[in-house]
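**Q** To start, I am sharing the structure in question, which I have written as structure tokens.
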Amino acid sequence: MELMKAGDVEEEEEEEEEEEEVQQQQQQQQQHFHVLAVDDSLLERKVLEKLLTISSSCEVTCVESGDKALRYLGLLDDLDNFSSPFSPPRLSQQQEVKVNLIMTDYCMPGMSGYDLLKRLKGSYWKDIPVVVMSSENEPSRINMCLEEGAEEFLLKPLQLSDVKKLEPHLQKSLTRCSAEIKEQETVGFGIEIGIGIGITDSDVVDDGNNSDSNKNDNGDLKGDRS
């Protein structure tokens, strides 16, 4: 009986260690979450930043307009051509900015949240989850944003329970980013292998040519001696 009790204690300790490891992994993942918050109200930006920090412990970048959001994402120069399928994406600048979620107010001076949503969905950032916020509960506005590709439409004032709904979108975005990084590493490794094989093939061809020329040279020497 004492042995069984000792074994049970060991199993419980192992389970506790596994749970702690899982919690540590989740905390590390949450620390890599990056949210871009767009709102023309300083108070709303502060509240949103605090809620996101409390709920997910993620990094938050706040800007006060749609133009500044596009500038931060490297899309400001493409405003006139955002709908053109032939405009090349600025991958070098965008890949330097890692954003897992974009939250934007609907009513803003200049560019509205809906306009910002359309710009994002027509760009390199089309796969990043976008959440639209508004203090006005208008079904037509909500449906319009959801049809354009918004993941959520939240009503202000935001509550901690509302922000917690965003965690699956953050996790999905983080998983997608990790998959893209692995794919890029695989492609880069394949290119290196291809280049290496090409060099080896050329060396083999050169060796063959050199051997043939050596044979000809040897034959010429034999003819001269005869």
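Every residue gets a Cβ built from N, Cα and C, even glycine.
Annotations per TrEMBL:
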REGION    1-30  region 'Disordered'
COMPBIAS  9-22  compositional bias 'Acidic residues'
DOMAIN    34-171  domain 'Response regulatory'
MOD_RES   Asp105  4-aspartylphosphate
COMPBIAS  202-213  compositional bias 'Low complexity'
REGION    202-226  region 'Disordered'
COMPBIAS  214-226  compositional bias 'Basic and acidic residues'
**Q** May I have the DSSP-based helix, strand and coil counts for the residues of the domain 'Response regulatory' (34-171)?
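**A** The domain 'Response regulatory' (34-171) comes out at 58 helix, 24 strand, 56 coil.
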**Q** Using a 10 Å cut-off, grab the number of neighbouring Cβ atoms around the Cβ of Asp105 (4-aspartylphosphate), all chains included.
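**A** The Cβ of Asp105 (4-aspartylphosphate) has 24 Cβ neighbours within 10 Å.
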**Q** Looking at the domain 'Response regulatory' (34-171) alone, can you tell me the average pLDDT?
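**A** Within the domain 'Response regulatory' (34-171), the model's average pLDDT equals 87.
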